[in-house]
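Take a look at the structure below.
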Ligand SMILES: Cc1cc2nc3c(=O)[nH]c(=O)nc-3n(C[C@H](O)[C@H](O)[C@H](O)COP(=O)(O)OP(=O)(O)OC[C@H]3O[C@@H](n4cnc5c(N)ncnc54)[C@H](O)[C@@H]3O)c2cc1C
């Protein structure tokens, strides 16, 4: 099997990976009309170290379990942050879990972004919608070690200005950490002074040394496909281009096969994979 991104930097669950650990919601913040961030602490006091890009299986008792990426700071494993969009039964129960609610967490699972492999060069983050949440830990990692990187760009596309996530972070990353934050929206009302258009158009504008760039992409699959093509056209090497893939996931440990993509189980071989692995899979329909 081809080497996958993140294989070297992943953290593993403590104990039995099928047994959820109790976590208590400490803070509950509404980010946009359909998205909330939960800050959780372990009820058993044991931290959950994780690598940027990994996910957990979050369980709302009585409603079910869903894979959700960790959106918090890898340097602060004492708290676990998740940013969740309310799309169905499980995510509805999770976003309505207020402070004091106990949730079950399994993980962390999957591969990480391995952003530190980009030290010495430029880093381009390309995010679409809630795809900014899985990238946030990697951006925080770069900001904490900013001098080790060249130019850092965050290209972010949201549906409307009201759907823009982490506004305070975006301002802080730009002001305090010299991150070139470029935001575009699909639909901007008259009050919106920023860009309107696809996030892939921001890739074409450049501002990075493609040959020496690590590019990390997360968003809806169609957006990732076109962003990857644009990054390739600019000269980013397929092995330096990483995407986080979403598929139906149940077990988290590569046993049940729900997330199989040809020979890969995305819960263990992914969700972060390099484009040299993904390109032949993404260009085939129905995989
Ligand atoms: C590795 C991984 C990481 C993820 N990280 C996050 C995260 O950080 N935050 C987050 O909010 N979600 C994330 N997801 C997606 C999340 O797991 C699903 O939205 C969730 O499982 C839906 O469960 P549900 O029971 O609420 O909705 P369901 O009843 O399963 O679905 C309700 C409706 O929403 C649609 N739907 C399901 N999933 C999605 C989706 N991803 N996007 C759009 N529509 C969808 C379904 O087709 C259906 O029409 C991640 C998924 C994976 C595989």
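Just so it is clear, glycine is given a Cβ too, placed from its N, Cα and C backbone atoms.
Feature annotation from TrEMBL assigns [2Fe-2S] cluster binding site to 251, 256, 259, 267. When secondary structure is read from DSSP and collapsed to three states, residue 259 ([2Fe-2S] cluster binding site) falls in the coil class. Sequence-distant neighbours of residue 259 ([2Fe-2S] cluster binding site) (same chain, six or more apart, CB under 8 Å from its CB) are 247, 248, 249, 250, 265, 266, 267, 270, listed in sequence order.
The domain 'FAD-binding FR-type' annotation in TrEMBL covers 18-115.
In the predicted model, residues of the domain 'FAD-binding FR-type' (18-115) average a pLDDT of 97.
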